[in-house]
Every structure is written in C-alpha cells, then in structure tokens.
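Report on the structure given below.
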C-alpha cells in the first residue's frame, strides 16, 4: 500500500494533459486558415497562450519523472539499473525521432531529404535524458547537494544566456549536429535552451524525493509554486530591466525584450500548483494510461498528421486551409483517434511485438533455407562463370 500512496498521480495527469494539448496544438496550428488567426480574438489569444505552455510543461514533466525514478533506487552510479534503462530510452527516442522524419520514397530514389536531419521534441527529450544521466553519474559519488545544484544551475545558465547563443549559427558544425543547437535550418526544438526545462524538472523531483515524508509537503509545494510562478510571470521582466539599468549589462535588456523562458517557467510552476491542488481527483485509470503512453500517442499523431515514411499526412492535404467550424470538431476526433489507437496498442503491445518477432524470425529462417537450397545452383553458376572467364582470358592470352 505504501507504494501506491507514494505514487505521484498528479505527474501522470500532467503528462496526459501535456500530450493532449500537444495533439490539439499541432492539429489546429497545422490546419487552421491564417485568416482566422486573429490576435484580437480572445478565444484565439487564450488558445495561443496555452499552446505556448505545452512544450515547457512536457519537458519539465519528462525531466521530473526520469530523475525521480533515477534517484528513487538505493544503488548509486553505474550500479543504478535506471542508468542503463535511461541510456536505452534516450537512444530509443533519438532513433524514433529520426525514423519519424524518414521518407521512404526519397530513400528509394537514393536521396535523404534535409528534413530528416531536423531536430524535434523526441530528439531533445532523448538527449535531455542522456544529459541527466551524465550529470547524475558525475555527481553520484560527491556531496548530495551537487546534483540538484548542477541541475538548477544549468537551467539558469541556459535561460540567462539565451539571447547570446541564439545568435550563433554553429556553421562550423555539420548541419545534422548544428540542428541540435540552432533553428536556422528549420529545427522545431533545440537542446539549448529546452534542456533547461528538463533539468528544472529533475531539480523539482529531487525536492519531492527528499521531502516525500514531510507532512506538509503539498501545502508548501503548492504555495511555493504559486508564489514563484506569479513572480516569474508578472515581475521577472521588470527585474531584468532594473538589473540592466543598475549594471548597464546589455544581456539583461535583451532578456527583458524577449523574456519568454522565465515567463513560461512561471507558467510551468502554476501548472504544477494546479495539478497538485487537485491531485486527489487525478486517479482516473484512463487519464493515467494516457500519461503512461505519451510516446505511442506522439508517434501515431506524427504519422497521421505529418505523414511519416510517405509524406502523405493530413498536413500535406489540408495545410492552413481549414475553417474554425471544421477544425474544432475534427481536432476532438483526431485526439480521440490517436489516444484510442495508442491505448489499444498498449493493450496488445506484447502480442504485436511477439508477432513482429515471429515474422522476422520466419523471414530469417526462410532466407537461410533458401540460401541452403540454392547451393547447387550457386555452385553450377560459379563453375560456368569460371569456365567462361577462363575461355575469354585464355583466348586473349593466345592472341
């Protein structure tokens, strides 16, 4: 029973909310006609604001969950089983990220399109997991405060110096690597600054783990998240402007003019506060299942919307031509379809993987049998070819 009471259901619910927000955000943004993107319209403005919250919440929750599981086990360093699992998971996300951008028609034509090398959310989360593991291993045998200090320090450095490094083109790197650091070539996400949200999530998870038995954990956590979140949203820009006027450092003025990272950080903390506040109502099995199957949901939505492997997705046929009266109900259908398919896949995952493994094994056995059966034919072809070549080169030598 203790394992159940210690489970942080609100985190699973946050992850479910974030993936559903991502589904509707991608669908509406990809299909809605630009004519209806009116920033004077309160409905569109609210939708746009919440769409901007989705990615920071998703990255933060991903960092929280992985780090929480990483530090929960008693083993340290490489002895921690979560290290190997995390490395596999990080590499898996990177691989899936590239596979989703693969176009089979291009490969059949002997060409890999530039879009294959662009970096998306899966690449960044996969690399963030590997980075969290690296930070953990570096600090595993050192003082306890080093790991959380490094995590929050990385967040602050990445957020504070974003105006500086976002101007770098990273042209000295191959495009496939530069795409992880710059959006110049079309990458949707880059590891900097988005790693900062994952490390923030890791930092918060350490606090939850350290004080998990504290009686007033949620009271303190909710009030702190609300207070810090509101301060970041409503006062951080003015604080950076004040520091600029006090010191004359241009960096703080640059942050003031585009302070989206710290404001979104405040939004993330408010989201944490809301989900913690209503945590007792967030034990619905379907919601928790959605939160546990975000990867499957993301893959399915990417294939349907963007046409992975074939390029034949909804985005190709309905890009920016749909009216609100059509896009709103179809968004709900799209979300339900992706979620339903992912949950069905999860239900029969072992059976599906077993069938795939059987199919691959069958194909392998058939290939081996075919190879053995063709041995006499191959031997005959080899002998005839040898005689033929001998005659040709023999004639040439005699001449």
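A Cβ is built for glycine as well, from the same backbone N, Cα and C atoms used for every other residue.
Taken verbatim from TrEMBL:
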type	residues	note
TRANSMEM	7-28	transmembrane segment
DOMAIN	10-342	domain 'Acyltransferase 3'
TRANSMEM	48-71	transmembrane segment
TRANSMEM	91-110	transmembrane segment
TRANSMEM	116-138	transmembrane segment
TRANSMEM	145-165	transmembrane segment
TRANSMEM	185-208	transmembrane segment
TRANSMEM	220-243	transmembrane segment
TRANSMEM	255-278	transmembrane segment
TRANSMEM	290-309	transmembrane segment
TRANSMEM	321-343	transmembrane segment
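Contact between the transmembrane segment (91-110) and the transmembrane segment (116-138) is supported: at least 3 Cβ pairs lie under 8 Å, counting only residues 6 or more apart in sequence. A mean pLDDT of 93 is what the model gives for the domain 'Acyltransferase 3' (10-342). Taking Cβ pairs closer than 8 Å, the transmembrane segment (116-138) reaches residues 22, 55, 58-59, 62-63, 66-67, 70-71, 77-78, 83, 86-87, 89-94, 96-98, 100-103, 147, 150-151, 154, 175-176, 179-180, 185-191, 194-195, 198-199, 202, 298 in its own chain, all 6 or more past its ends.
Between the transmembrane segment (48-71) and the transmembrane segment (255-278), the number of CB pairs under 8 angstroms, six or more residues apart, is three or more, so the stretches are in contact.
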